[in-house]
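To keep things clear, I will list the structure first and then write my remarks on it.
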């Protein structure tokens, strides 16, 4: 009986010690995983900062480095404590304490450089150098850390196996303690090890699945909205070109402008998702900010007049003028959202869209402020902090009375911050609100003389044979009418199989190919057209992709399949003309051959 009691106590202490060792090994593996994730995230950001430290993307990457280094430093501190306490396996400790290429010393250097990158100005040459050194250290230390992490995970598994063995020995030695050993040692330890690893893996899989689901949703949403919008915009534009009655022209112009605004919103929602993923690349251009504000005001003039609201534009001191270099596309979306909100929440009184230049600082010497002041319902003080959150409005009654998603101001804030600016609001309930956005701008190139606007010579398109491939009847009609008005001869195909046959039999000079079609899609049809041309020892007609998927990866996929260009829906006549002239700007076969040789 005494032997059984001693054996039971021995098994209990062995099991307890093994359980602690398993938990300790699991904690060590978790800390190493956190460091691995931090270093991997910083490595990508360092490369972007090294290549182009002054880009908008680099500013986002600086913030990513800041978050990653904070997480990594905390985990590294715990690793030091565990290492000094001898809590790592022999193989892991041997790697961590090695005199040459010590991963802990390398990590200390890496986090020091990372903090320098975060705190330094992007214009400082040392920032790019620090990013380059940090990127090099990241590449060296990642394989070593991965090896240590795998060693610790193996140690966790071995500790679990030893725990099982000790428990079995205890069961054999102590029949009376079998139930205790089974319920308090074996199952809890095994359950702890397995559940911990499953939680880590489940977290990774959930994050990956969420990212993939979001990308799929955005791509599907973009495609499903752009496809009917292509018909709405395209047909209205065609009607507008042939309309002579002033009143009808005005109504058609407003319909086209409204459709274009919807198109812009779709684009900017995609841009918002890119901002959150750190992938938004803003395109700088020269534009007239006063004209931009005027166009937005004109777009909402009819709606404001219908509600009895006075909508006016005031231009204050613009310093060196309204012609600036900046981000025209997101700036327009910001102003659109602010004016739209003002019109929506104002039932009487006035709305003032005000533009002025204000003093900047050393890094941003030129700044413009665009403000929208209304006499609407106003916002309570406790709701001011929420109005810029996604899917948030002042209160539930606002949504019931006025509708909306609560996404407009969130887009305004994200876009303003992405452009290096800021947005704020002042409001009084019952008196109205003033939203102001301050944006940095630069001096632009000399304004072009529009009175001498160069007109395109479209005569070379007369009689050109163009094959239009699209499974949607409305899309085929829009493209056909646009091409026929340019003098082209058009043949239509409804699917990829018909497109491959028509290209071989009719021999068009250009193919306008829808990318997403049932059966053989545009990508596969493009590949088959090129394969057939190679077999027939001839050159295939240029193929221009046409798709409602506007994300950059879809464009790259089309070009990789062999497409020579890529247009997005809704199809714009100017973009179509430019693509046609790029491929068909020749008068005869001899000139075509000369262009190819050049």
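Think of each number as a place in line: the chain as shown, counted from 1.
From the backbone N, Cα and C atoms, a Cβ is placed for every residue, glycine too.
Checking the ranges 164-187, 188-211, 212-235 against TrEMBL, the transmembrane segment annotation falls on 164-187. Listed in sequence order, 469, 470, 471, 472, 475, 522, 545, 546, 547 are the same-chain residues six or more apart from residue 514 (4-aspartylphosphate) with CB atoms under 8 A from its CB. Secondary structure counts, DSSP: the domain 'Response regulatory' (465-584) has 59 helix, 24 strand, 37 coil.
Averaged across the domain 'Histidine kinase' (220-443), pLDDT in this predicted model comes to 80.
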